[in-house]
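Going by TrEMBL, these are the annotated features:
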type: TRANSMEM; residues: 5-21; note: transmembrane segment
type: TRANSMEM; residues: 27-45; note: transmembrane segment
type: TRANSMEM; residues: 66-84; note: transmembrane segment
type: REGION; residues: 101-139; note: region 'Disordered'
type: COMPBIAS; residues: 124-139; note: compositional bias 'Basic and acidic residues'
type: DOMAIN; residues: 140-273; note: domain 'TNase-like'
Amino acid sequence: MNKDNLTRIIVAVLYAASVFYTTHDTMTRIAAILVPIIVFFIVRFQNKNNKNNKNNKNNKNNTKNVNKLVGLAILLIAVMFLVYGKTDLENSNKAAKVKKAVTTNETNNEPKKNSQDISTQSEILEKETKSEESSTNNEKHQLYEIARVVDGDTLKVYIDGKKETIRLLNVNTPESVAEEEYRNVPLGKTASSFTKNFLDGHKVYLEYDIEKLDQYGRTLAFVYTEDGDCLNKALIESSLAKVVKFEPNVTRYDEYKKIEKRVKQNKQGIWANYEAAFPKKPEN
């Protein structure tokens, strides 16, 4: 084997090795392996012809033919490498795109799940809030029958078949049925009569604030007739009650103080003689 043929085989082997290790496509690897094998057999065929042909001219022609065959073989293998290599690259790119798409979907889906969870929690909270508001509104608009009026700022109503004492929130009228006789004043009876007349022929509904009961177990409420008229507010506007704090029940306190400030200027009712309306305990 001459030096040129040996060089061809070495080049073919190196070419095949480089192709084999730079691609993962099975067909391209097989084609790469075939390159040195084909070159080897072509070279062997050339040597055999060189021995059998003594004519130099024929030998040169055979050598040219062999060179053409070698070149053609290498060209075919190169084309196979490009085709299958391109296919392999496209497949790799497709796989990478699919993987990226899957990863993107997983990433995008995670916030959506969180968003759905948050949305679900918000819906649950909203439903609970509406349920509470509905319950409060139903309780507020539950009409109760009046059992009797105790005095200007206290009455008894039937709740679930039982008499419950209702103390008007944020107002205090002069006394008319107090145990301490000095506290019972004419304006107390006036306030009591006002409350009786205000509620006469009506049922009432109750509106509560922060705390529902006072230290005596009485129910603290704003009292409304079925027409929506508020007894608490009417007593203040009629100058028959002063505004007081029932902490922490101060929702209407500021509103009522403004009304009180306005009616004070008329000097009617309790504001005509405050000391007489709310007398102090006499000294012994």
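Cβ coordinates come from backbone N, Cα and C, glycine included.
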When DSSP states are grouped into helix, strand and coil, how many residues of the domain 'TNase-like' (140-273) land in each? 40 helix, 42 strand, 52 coil
Could you tell me the mean pLDDT the prediction assigns to the domain 'TNase-like' (140-273)? 97
